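The structure appears below as structure tokens.
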Amino acid sequence: MTSTVAHGAGSAGPADDVEPMSARTYQVRTYGCQMNVHDSERMAGLLEAAGYRRAAEGTDADVVVFNTCAVRENADNKLYGNLSHLAPRKRTSPDMQIAVGGCLAQKDRDALLRKAPWVDVVFGTHNIGSLPALLDRARHNRVAQVEIAEALQQFPSSLPSARESAYAAWVSISVGCNNTCTFCIVPSLRGKEIDRSPADILAEVQSLVDTGVVEITLLGQNVNAYGVSFADPALPRNRGAFAELLRACGDIDGLERVRFTSPHPAEFTDDVIEAMAQTPNVCPALHMPLQSGSDRVLRAMRRSYRAERYLGIIERVRAAMPHAAITTDLIVGFPGETEQDFAATLDVVRQARFSAAFTFQYSKRPGTPAAELDGQLPKAVVQERYERLVELQEQISLEGNRAIVGQRVELLVATGEGRKDTLTARMSGRARDGRLVHFRAGDGPVRPGDIVTVEVTDAAPHHLIADGGILAHRRTRAGDAHADGQTVRGIGLGMPGIGRPVVPVAAEATSCGSAGGCGSADGAGSSAGDPQ
């Protein structure tokens with residue numbers, strides 16, 4: 001669907017009255033999941049290929065692009081609040097442009113312009129490649145452009161990219177989701193699952209490694225559903241395809257770390273566990289959403305597994321990788337959840353001993369089956385349960401982290417992970433299991449992207465401390481690339497911290513299929529991965 005809508009709050013002037021394209025700057029603001037971060041890097045790449053340049057830190061951009069999330073009401077409110085903050089500037093600088101894309105744009109469509117008529121471009125999840133052309137059209141025709149495609153026009157990974165990191169990268173293996181979780185709106189916005197061919201994925205990984213990347217994260221709403229038959233999509237999918245992909249990543253020289261997010265417990269198979277344990281560069285870390293420990297609630301959520309199966313997967317993972325860090329997503333206050341149901345969740349959390357959990361309060365989202373269910377719970381009840389769950393998980397996380405004190409860990413040095421690093425004279429990095437470690441680098445020239453070995457000296461629920469100095473330091477091509485300024489740093493809003501090499505401003509996680517996947521939850525999410 002494509003439409004044009006006249007502006008109500010000022011618009012760009014005629015083409016010959018507008019500054020040259022080469023002078024125009026952009027800023028991309030990202031809300032939501034890792035898939036949105038991946039897509040935002042593509043939006044930035046498209047804009048740079050079209051002649052835009054990234055706005056310098058602390059300056060006003062000529063074009064501001066919002067890549068939105070639709071999973072929670074507070075994500076809606078945050079977007080419209082930020083759009084309102086830009087309205088005065090739009091009135092005084094009509095040549096400035098505002099574009100809104102992503103899941104909320106796909107959902108709200110023309111309603112978005114009714115709420116924020118000063119927006120210039122609205123585009124959806126299926127046509128991000130149209131962004132530069134839509135900006136040009138809005139700028140020259142002086143009318144807002146709304147273009148929402150109903151099917152994927154071009155796989156985002158095939159588009160130009162301006163990555164946030166020189167040392168770590170997202171690699172999408174699929175888009176869309178075939179699950180029907182009752183609380184989740186994402187399948188209706190991103191469509192049915194579409195897989196990339198293994199050859200395309202591995203070619204992208206190789207090209208990233210060739211530029212210095214040492215860590216990749218394979219992305220999908222449900223990565224272990226990967227495996228459509230590319231020869232004949234009507235044939236049964238290859239249920240071993242994801243494990244085969246992990247093993248193939250292990251054959252790429254120079255690729256030191258492989259992560260993935262997120263698997264669905266209903267389709268998690270033992271061949272994936274074997275591939276993780278037997279492939280040296282696949283990290284001993286698993287983020288697998290639980291959502292609830294109550295079988296009755298899981299049934300109402302249409303999650304297609306029960307607590308016993310979930311705990312069985314964890315048991316087999318730990319048997320193969322005793323030191324694996326397992327993290328999860330949990331929703332509190334799903335419609336009809338009783339105290340007995342919630343007690344079952346607490347019991348599973350105690351048994352699972354998660355390293356971290358992203359915990360959320362259920363948020364009623366129009367258009368989802370759960371929004372029509374009876375038994376919507378009072379806010380006070382949900383809040384009280386949420387606080388109990390957070391307290392329990394904080395205790396478990398702290399106990400797990402204290403058990404690592406005195407151990408040596410290998411870190412991929414990161415930038416932006418520790419908000420207090422400047423004050424504490426520390427740097428930060430991620431261990432192979434995804435844990436965040438703040439360490440003292442001393443006077444050595446340690447760079448983001450380098451690999452260091454440190455000994456853990458202290459622990460907190462959300463991070464580890466290593467104040468004993470660096471025991472080993474390996475300079476990498478990734479560190480060289482970072483030092484050479486080959487990375488473009490985006491602006492992120494709303495990203496969880498587990499497993500990410502870069503933590504954005506105002507970290508805030510989403511739920512469902514991933515650590516930043518597709519759930520519908522509200523309130524402050526809690527995790528053991530927040531930067532300190």
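From the backbone N, Cα and C atoms, a Cβ is placed for every residue, glycine too.
Positions annotated as [4Fe-4S] cluster 2 binding site by Swiss-Prot, on the basis of sequence analysis: CYS177, CYS181, CYS184. Sequence annotations record features per position, and here Swiss-Prot assigns compositional bias 'Low complexity' to 523-532. Annotation source Swiss-Prot lists domain 'MTTase N-terminal' at 24-140, citing sequence analysis. Taken from Swiss-Prot, the feature domain 'Radical SAM core' applies to 163-399, supported by sequence analysis. Swiss-Prot lists 1-21, 510-532 with the feature region 'Disordered'.
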For CYS181 ([4Fe-4S] cluster 2 binding site), the number of other Cβ atoms found within 10 Å of its own Cβ: 26
Within the domain 'MTTase N-terminal' (24-140), residues counted as helix, strand or coil by DSSP: 61 helix, 24 strand, 32 coil
C-beta crowding around CYS184 ([4Fe-4S] cluster 2 binding site), within 10 angstroms: 27
Structural state of CYS181 ([4Fe-4S] cluster 2 binding site), classified by DSSP into three states: coil
Neighbour count (Cβ, 10 Å) for CYS177 ([4Fe-4S] cluster 2 binding site): 25
